[in-house]
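Working notes for the structure below.
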Amino acid sequence: MAKLLLFLLPAILGLLVPRSAVALGTNYLLSGQTLDREGHLKNGDFDLVMQDDCNLVLYNGNWQSNTANKGRDCKLTLTDYGELVIKNGDGSTVWRSRAQSVKGNYAAVVHPDGRLVVFGPSVFKIDPWVPGLNSLRFRNIPFTNNLLFSGQVLYGDGRLTAKSHQLVMQGDCNLVLYGGKYGWQSNTHGNGEHCFLRLNHKGELIIKDDDFKTIWSSSSSSKHGDYVLILRDDGFAVIYGPAIWETSPQAKEKMIGMVTAGKL
């Protein structure tokens, strides 16, 4: 289980990764990827479904695209401009989020608080598949979740995991990505005590020690907003942001066209 440092100082409080939080299946969609008919994205009790009736529904999040019976064999895609698009089987557009940004790599994430949020473009990437000074040998580490949002903190062997890949904020102050062919590390072993990792609201990963001295930074500072670090199933650890679109709960009476009743 990820161990998380709970700070009393408001300046660094933020959202903490729950100890029991474990991703239930895939919880993100990347630019160029497709969520097929009856496909799911899940995070805890929240389930985004591209339904057979062409309606995109976020169960327990009180949101839907209101496109029931407006197409057949519909699919959801995320474009290189951060826009979510539902297309009919004949290729025609049924619905779009209408939230375009600059061209880049984006991620649509089922947030643990029950929202679907589009982050991007990507501002930083850790690649464990290429050799270099930051390479290391793989070893087995216990499993936990794969997302870190702005304001969240990992410390003392707290970790993100995706399949056999593990991103660990080790107790020796070294940030290590186990997996891939070569792995990756921040090369900060022994550089501080009681170190913690935090993703700030400018898309920058920062390691600080117990004196709040900066030990390491991703140097990926961008404009202010909400960001997410995703440890992807392919082993890449990528920061996306800021958030450019998100769902908002709809009134119960507007939640129509559901295939599965009683889940909201």
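Here the Cβ of each residue, glycine as well, is placed from N, Cα and C on the backbone.
Note that the coordinates shown come from a computational prediction; the quantities given were computed from them, not determined experimentally.
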What residue among Cys74, Cys195 is stated in Swiss-Prot to be the disulfide partner of Cys173? Cys195
In Swiss-Prot, one of 170-178, 224-232, 251-259 is tagged motif 'Carbohydrate-binding motif 2'. Which stretch would that be? 170-178
My understanding is the cutoff is Cβ-Cβ under 8 Å with a sequence separation of 6 or more in the same chain; which residues meet that for Cys195 (disulfide bond)? Tyr155, Met169, Cys173, Thr188, Ile207, Lys208, Asp209, Asp210, Ile215
In the motif 'Carbohydrate-binding motif 1' (51-59), how many residues does DSSP call helix, how many strand, and how many coil? 0 helix, 4 strand, 5 coil
Distant-in-sequence Cβ neighbours of Asn174 (beta-D-mannose binding site), under 8 Å, six or more positions away: Gln185, Ser186, Asn187, Thr188, His189, Gly190
If you count other C-beta atoms within 10 angstroms, which of the binding-site residues Gly171, Gly183 is the most crowded? Gly183
DSSP-derived class (H/G/I helix, E/B strand, else coil) of Trp63 (beta-D-mannose binding site): strand
